[in-house]
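Asks: So TrEMBL says this about it:
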- A:668-679: compositional bias 'Polar residues' (COMPBIAS)
- A:680-704: compositional bias 'Basic and acidic residues' (COMPBIAS)
- A:67-460: domain 'Cation/H+ exchanger transmembrane' (DOMAIN)
- A:15-40: region 'Disordered' (REGION)
- A:643-728: region 'Disordered' (REGION)
- A:63-80: transmembrane segment (TRANSMEM)
- A:86-107: transmembrane segment (TRANSMEM)
- A:119-141: transmembrane segment (TRANSMEM)
- A:147-170: transmembrane segment (TRANSMEM)
- A:182-203: transmembrane segment (TRANSMEM)
- A:215-235: transmembrane segment (TRANSMEM)
- A:247-273: transmembrane segment (TRANSMEM)
- A:293-319: transmembrane segment (TRANSMEM)
- A:339-363: transmembrane segment (TRANSMEM)
- A:369-395: transmembrane segment (TRANSMEM)
- A:407-428: transmembrane segment (TRANSMEM)
- A:434-459: transmembrane segment (TRANSMEM)
Amino acid sequence: ASLFVSAASASRDAAAGKNNETRGDPAVVTDEDSHHQSNSTAHKKAFPVLSFNYDHVRKPFEISLWILLALLMKLGFHIIPRVSNVVPESCLLIFVGLLVGGIIKAIGEEAPILDSKLFFLYLLPPIILDAGYFLPIRAFTENLGTILMFAVVGTLWNAFFVGGMMYAVCQIKGANLGEVDLLSCLLFGSIISAVDPVAVLAVFEEIHINELLHILVFGESLLNDAVTVVLYHLFEEFSHAGTVTVVDALLGVVCFFVVSLGGILVGAIYGLLGAFTSRFTSHTRVIEPLFVFLYSYMAYLSAEVFHLSGIMSLIACGVMMRPYVEANISHKSYTTMKYFLKMWSSVSETLIFIFLGVSTVAGPHAWNWTFVIFTVILCLISRVLGVVGLTFIINKFRIVKLTKKDQFIVAYGGLRGAIAFSLGFLLTKSEMKHMFLTAIITVIFFTVFVQGMTIRPLVELLAVKKKKENKGSINEEIHTQFLDHLLTGIECICGHYGHHHWKDKLNRFNKAYVKRWLIAGERSTEPQLISFYNKMEMKQAMMMVESGIAPKLPTVVSSVSMSREEQPDDGVSCFTNKHFLRSYSRHDLLIDPFEDTLSEIRFRKQRVEMERRMSHYLTVPANRQETPSVRKVCFESEHQVYTYDDSESPRGPTVQLNLSPPDAVSLLSESPQRPNQSSSHRDKGDGEPRERERAPDEQDEQLKLSRCLSDPGPNKEEEDGGDGSFKS
Amino acid sequence: MGASQTRSDHEHQHLTDKTGFSLEQIKNLHKRFQQLSGNEETISKEDLDRIPALANNPIKKQIIGAFFDKRNQHQDEVGSCDEIGFEQFLMVMSHFRPPTLKTTDEEKEAMRKEKLRFLFNMHDTDNDGTITLEEYRKVVEELLSKSGAIGQEAAKAIADAAMLEVASTNVPHMAPDDFYEGITFEHFEQILKGLEMESRMHIRFLDVDTTTMRCGKSTS
């Protein structure tokens, strides 16, 4: 009973405190009851059918409410297409945040601020992990030198230029900024100079520019974290101490290397651990995605413990883990992981921008015209100067030079975001802090609103190359590998060890040692080309299942060329369907290839076409020939995909089906007997014996193939689908 | 010393115009050539075979073959030689030059065609103008040749799938009586359009002496 009373009184307080809570009748009832209680203890109170206890769930309730609000806003934007085409989502979200902040302030409540701890520990990691895990490694490593130059030298230049110039500005007599000393200015410069990955991602993902520019700006925003961390801590320490010596400066340089390399090392260790763990998860598939998330998060937190660069640690972990984990985990786990990461990072990003808006309304501001205006101008100038100057140097070392257009986009894409705000928020309280925060928010707003909104029309105007469709073409993959080997060979002949040589060495080391340890089973020795091919085949097969063709019609791979009567199987041209190996863009995920109605219609058309052709063929007298092995994909259940080979004996027409899983046969026999097929099957005059019962369409496929390929296959091969079968 | 120096300089000058390398680069490549040929005038296949670093390369034979392939000399001859001189060596190497900032778009297009032609010649071993299924299978088999038995079995399937892809992208509406002969050069260009050969198929040619450097990162 006392509990009930206290709950009632607490709820009364809570109800009074929260203006926007509905105060229902139950509260009044409990109120009365408690009075009754205190008056006469002998009087038995009625059992409370309905009671109000908000405090108990307050925190999770509020959090959920915020997230729900954020997601509803996101939903709303995409329903109104006109707005979302002009204004990037980040702007709209900040705007909503401003509105909500305004409303809360109007009510008289205290609005929640983007707490730095909340930001750095909960909101930032999912975004970085999502970006880091799906980082396009090839593009990244090819441009690593350029990216590092921009990230390290560019950020340093920005920090010192803005800091120094702001100090000069503060010396202007009329600006009332006399008390801002050099170190504080430098600290401010270091906060404001870093390009923000969240903002860059949010804006760049919508404009779909070519991969080079995307990776340059994005890579820079990721790698400059080390510089920012070091500079921030350096200047913060110094501004407390008051003076800087040469030793301190040297220690700063050492610190930079420790922070960045240490962060990468921590990340790499966790990544290897994660890869190693995934080797043993074949019996507990359900928790596989969790391992990836947890190891990565631990990497981030561990790096933060030692004040190392958490972002670099997270990226290193994701990059290290990915090839091995993907070889080990099931397809479903991979999908789960991808979607969870996208979901979390999407929520995080939305919340960050909304909170940014709310914090703007809430926080105490100290507006100083001179300071703010000069900050904005100086940031722009330093960015442009930095990019142009660095590109001049970089182009001497690059093969594919950066054009003026590229430079412009890189300079224009230097957006500032919530990291700057949070770092500013962490500053110790002082009058300057408010002024700094105001300036930081202004710069953020300027870059996100002005630059974010105008970058899309500018990209169109300047005709910057857009991202090309990633078709996942097997020809491209073959030739990429071929080129790698060719260029390595030419380098050998030329006699110098260029970067192809080292890349080749790394690959061989990876194949010989690392893969054996980290990848389970026989996939550890699978060459990359074959894994690529299997991945594509599986995606094809799944796509066909989804659009309703297979399992009635097994995917046929080889049937091209050679013979006169032959005609390529158009149904298999779905191999060249786009959207295969999707890039990591969150927005691309929304265009799910499986829901692409156009491709569905095409499949159905092709299927009809294929049936027509097959029936046409089967009336033509067969010319028995030998076929080489034909690979097929067949679905047993949702979980397992087996590949098996059919082969024909050199002597005769009998085809033998060798399947390792006996269950797979049942699927084939389930295929319906189509009337036209079976009749034309009977029409064939050869009457060769069939050794096993099989679905007629599958048999027809066999016959067609055997007629088609004049290539004398090897002797009867009985494979058990051992080569590159992807067991999930 | 003086006379032979000017003579070789004169030759080298003639080569810069023909192949597009700078004088420094040609000098360095000449030194390498001398090293490979044992100071002779020509190189044979065995000389290239002996390079130890090439041993691990799965497509070693094709690479060496490309040097002795007359089609890569841009002189409308076919067949292969047994030995090549420095000029032929340079001609083959010139296929791997990168574009510069000054290269115009037409020049880039021509460069891309040239590089693709080189690749095509490497695949089209019987020089009939098309890459047949057999030849393509050979290519994939060689690529996977270091991967043991698994590689050989999968090679056929991969080559078949690749062939099919070329066929369906380039000739989407094949009539029932057609069949796909092989990949012609136009189809080859089409299928590799996305790779942007002029930016990818190149190595750094040093302006610094390579023979004195055992291992070092390129600096040009």
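Backbone N, Cα and C atoms are what each Cβ position is placed from, and that goes for glycine too.
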Asks: Taking a Cβ cut-off under 8 Å, which residues six or more beyond the ends of the transmembrane segment (A:182-203) line up next to it in the same chain?
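Replies: For the transmembrane segment (A:182-203), the nonlocal Cβ contacts are 88-90, 124, 127-128, 131, 155, 158-164, 166-167, 170, 217-218, 220-222, 224-225, 227-228, 231-232, 234-236, 238-239, 242, 244, 311, 349, 352-353, 375, 379, 382, 413-420, 423-424, 427, 432, 436, 439-440, 443-444, 447-448, 451-452, 455, 586.
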Asks: Return the stretch with the most CB pairs under 8 A relative to the transmembrane segment (A:86-107), choosing among A:63-80, A:215-235, A:434-459.
Replies: A:434-459
Asks: Other than its close neighbours in sequence, what residues sit by the transmembrane segment (A:63-80), given a CB gap under 8 Å and a spacing of at least six beyond its ends?
Replies: 89, 92-93, 96, 100, 112, 346-347, 350-351, 354
Asks: Should anything in the same chain at least six residues away from the transmembrane segment (A:215-235) have a Cβ under 8 Å from its Cβ atoms, list it; otherwise answer none.
Replies: 128, 131-132, 136, 139-140, 143-144, 146-148, 150-152, 154-156, 159, 183, 186-187, 190-191, 193-197, 200-201, 204, 248, 252, 255-256, 259-260, 263, 307-312, 315, 406, 409-410, 413-414, 419, 423
Asks: Counting only CB pairs under 8 A, let me know which of A:247-273, A:369-395, A:407-428 has the most with the transmembrane segment (A:339-363).
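Replies: The listed stretch sharing the most Cβ pairs with the transmembrane segment (A:339-363) is A:407-428.
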Asks: Check for me, if you would, whether the transmembrane segment (A:293-319) reaches the transmembrane segment (A:119-141) - at least 3 Cβ pairs under 8 Å, residues 6 or more apart in sequence.
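Replies: Contact criterion met.
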Asks: Looking only at residues six or more beyond either end of the transmembrane segment (A:119-141), which have a C-beta under 8 A from one in the stretch?
Replies: 147, 197-198, 201, 211-212, 215, 218-219, 222, 292-293, 296-297, 300-301, 304, 310-311, 314-319, 321-322, 338, 341-342, 344-345, 347-349, 351-352, 355, 418-419, 422, 583-584, 586
Asks: Excluding the flanking five residues on each side, which residues at least 6 beyond the ends of the transmembrane segment (A:147-170) place their CB within less than 8 Å of a CB in that stretch?
Replies: 140, 177-178, 180-182, 185-190, 192-195, 215-216, 219-224, 226-228, 231, 370-371, 374-375, 378-379, 382-383, 385-387, 389-390, 393-394, 410
